[in-house]
Amino acid sequence: MKKNLIAPSVLAADFGNLQRDVEMINNSEADWFHIDIMDGVFVPNISYGMPVLQAIQKHAKKTIDVHLMIVDPDRYIKEFAALGATNLSVHYEACTHLHRTLQAIKAEGMKAGVAINPHTSVDLLEDVIKDIDLVCMMSVNPGFGGQSFIENTFQKVRKLKQIIERNGASTLIEVDGGVTDKNAAQLVDAGADVLVAGSFVFKAENPTQTIKELSDLVNS
Ligand SMILES: O=C(CO)[C@@H](O)[C@H](O)COP(=O)(O)O
């Protein structure tokens, strides 16, 4: 049976205690670190950039999954590779030559991801699906943590799973935004492989236990 993965979103961590929260993820049953990079242009918020990722990377002992919410992401592919990113996801809506961008990410030794906004149809990925290692499906409008999950995501995940299977691709489906214990099992049933959770983990009284419960819920 495949393992469904949990990726806590560091955006919801306590930046005053960042090393503590990184160690919490290291010592938990989480699988990946999810890192949100926002430029204030592609999305109406600015998160953090290279120096913070460098600080996280110094202590992180798991896969570093970087989600770029920036315009013209090609400019920074080499830098994210040098900073230790394992996966690099660019937004479909931010790329003019998506296929070329995916090749450039892979050429730097990273897994190539494509993030899609809630309004973007999964059908647009069919012709490039075999080149995508990971689809980061946004289940909120990107830019902020703590938003409510958009229910239409379930049918998008099902449809994307069909596209992946029809094309014999091995693309992982990651769902990002508003993930909780209320929708996690249904997302995995629909075909999701990776669940990103920010507020649900970091606002919990016991984040380590919450990660374990979420992982158990989708791996039982
Ligand atoms: O990319 C984003 C937001 O743009 C997400 O990764 C959020 O950080 C997830 O946070 P929650 O919705 O789980 O609080």
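A Cβ is built for glycine as well, from the same backbone N, Cα and C atoms used for every other residue.
Using a 10 Å radius centred on the Cβ of G178 (substrate binding site) and all shown protein chains, the other Cβ atoms total 23. Under the three-state DSSP scheme, G178 (substrate binding site) falls in the coil class. Taken from TrEMBL, the feature substrate binding site covers S9, H67, G143, F144, G145, G146, D176, G177, G178, G198, S199.
A 10 Å cutoff on Cβ-Cβ distances gives D36 (divalent metal cation binding site) a total of 24 other Cβ atoms nearby, all chains included. For the recorded site, D36 (divalent metal cation binding site), the DSSP three-state label reads strand. Taken from TrEMBL, the feature divalent metal cation binding site covers H34, D36, H67, D176.
Positions annotated as active site, proton acceptor by TrEMBL: D36.
A sphere of 10 angstroms centred on the C-beta of D176 (substrate binding site) encloses 25 other C-beta atoms. TrEMBL lists D176 with the feature active site, proton donor.
On the backbone, the CA of D36 (divalent metal cation binding site) and the CA of S9 (substrate binding site) stand 7 Å apart.
Across the residues annotated as binding substrate (S9, H67, G143, F144, G145, G146, D176, G177, G178, G198, S199), the two Cα atoms farthest apart lie 17 Å from each other. Taking the C-alpha positions, the distance from H67 (divalent metal cation binding site) to G145 (substrate binding site) comes to 13 Å. Annotation: S9 carries the greatest number of neighbouring Cβ atoms among the binding-site residues S9, S199 [cut-off 10 Å, Cβ to Cβ]. Shown are the binding-site residues G143, G145; of these, the residue with the fewest other Cβ atoms within 10 Å is G143.
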